[in-house]
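Notes for the one structure printed next.
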Amino acid sequence: MRTDQVMLSNKNTNTCCVVSSSSSDPFLSSSENGVTTTNTSTQKRKRRPAGTPDPDAEVVSLSPRTLLESDRYICEICNQGFQRDQNLQMHRRRHKVPWKLLKRDNNIEVKKRVYVCPEPTCLHHNPCHALGDLVGIKKHFRRKHSNHKQWVCERCSKGYAVQSDYKAHLKTCGTRGHSCDCGRVFSRVESFIEHQDNCSARRVHREPPRPPQTAVTVPACSSRTASTVSTPSSETNYGGTVAVTTPQPLEGRPIHQRISSSILTNSSNNLNLELQLLPLSSNQNPNQENQQQKVKEPSHHHNHNHDTTNLNLSIAPSSSYQHYNNFDRIKEIMASEQIMKIAMKEKAYAEEAKREAKRQREIAENEFANAKKIRQKAQAELERAKFLKEQSMKKISSTIMQVTCQTCKGQFQAVAVPAATADETSLVVSYMSSANTDGELENGF
């Protein structure tokens, strides 16, 4: 065992794994109301709840370096590493070595072990919450206390410290996620919307600030005070544009200018509103009314107390401002996802049909090739049968020619096959000449 492993015994009173006698343990004998019940070993052991580990187990505390090692158990013969002791024992059987080397060094009974986390602030650092599996404590330490993300997804750039988590993520990544314009993929709609808000906020923050509107459109007005803002000679100009360049004290301005300046200040900060001052519907001809007022009351030209300002103030949001609605965006996202899912299903179905057609085509081509081979083989067999038939006919003809008796030869010729080809005839003639020569030699001797 390595030096960085510290074996702690539960018999020590300093550890918190010791269960007091007053605590209720389902595996201890209890006496209530005069009835004594004892759970024997023949009964089925129930699973212990969290916080009550096996009192006979040994508490093992491994260092972070040991927990981050990928292969803990190493074969002495081939130096191959394994994560579990059982895998090492199975591997040792492949080496044809004596049984003594396969046995353990000591015949001491192996006790059950529980593993604690080396991080002091972790819940599993307490022996009461120790983990009973070495692989489990390794995965826990890599997930919670390790910053080394060894496996990174190529689609969403999400890193994982445990390979099993990375493989599980690859099965679902991109199938049911929400992709942003920046390239990130989210599996939850809430996280995706929050990221979209942050991205849009960053874009708005990066845009150059718009200059505040410095002009207010004032249509034809019935009062003389609204038309004499800049100079007294502009009495006949009832409609125009008032340029607001520098702020002026509000006390020396008329009431409609105070309202317009305050609204301009608020609009530049909030919603960029457009301000319009419209006359009342009763004032159909403001020029004629102002001329009559000049003739009848010339002394009231500089007296603003007798003048009345009848204005209609309409405030509307700017057309360039677009209100951001999360609900509409969610509906659009969900609709686009549904369309994308349907398109993906149709694409998968088309690909499957294409693969099936390709497979059927390959099967047909193979059957056609087999049929051609069978046809060629049949033709070869037919040619061979014809050749054998011709050979047999030639042998029969040669046998008939060897018969010396004319009577028997006539009988055989009566039932013989019709005349053969020119080659067969020449062959028969040669056989006849050879037969006659043999007969003459026999008669001569």
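Quick reminder: no glycine exception, Cβ is built from N, Cα and C everywhere.
Looking at 50-72, 73-95, 303-325, the range annotated in Swiss-Prot as zinc finger turns out to be 73-95.
As stated in Swiss-Prot, the feature zinc finger covers range 151-178 out of the listed 151-178, 347-374. Summarised as a single figure, the pLDDT of the coiled coil (340-397) averages 92. Close to the recorded Zn(2+) 2 site, the chain also has D181, G183, R184, Q196, N198: residues not among C180, C182, H195, C199 whose Cβ is within 8 Å of the site's Cβ mean position. Of all Cβ atoms in the protein chains displayed, 15 besides its own lie within 10 Å of the Cβ of H195 (Zn(2+) 2 binding site). In the three-state DSSP reading, H195 (Zn(2+) 2 binding site) counts as helix. Within 10 Å of the C-beta atom of C199 (Zn(2+) 2 binding site) sit 14 other C-beta atoms, taking all shown protein chains into account. Taking the binding-site residues C180, C182 in turn, the residue surrounded by the fewest other Cβ atoms inside 10 Å of its Cβ turns out to be C182.
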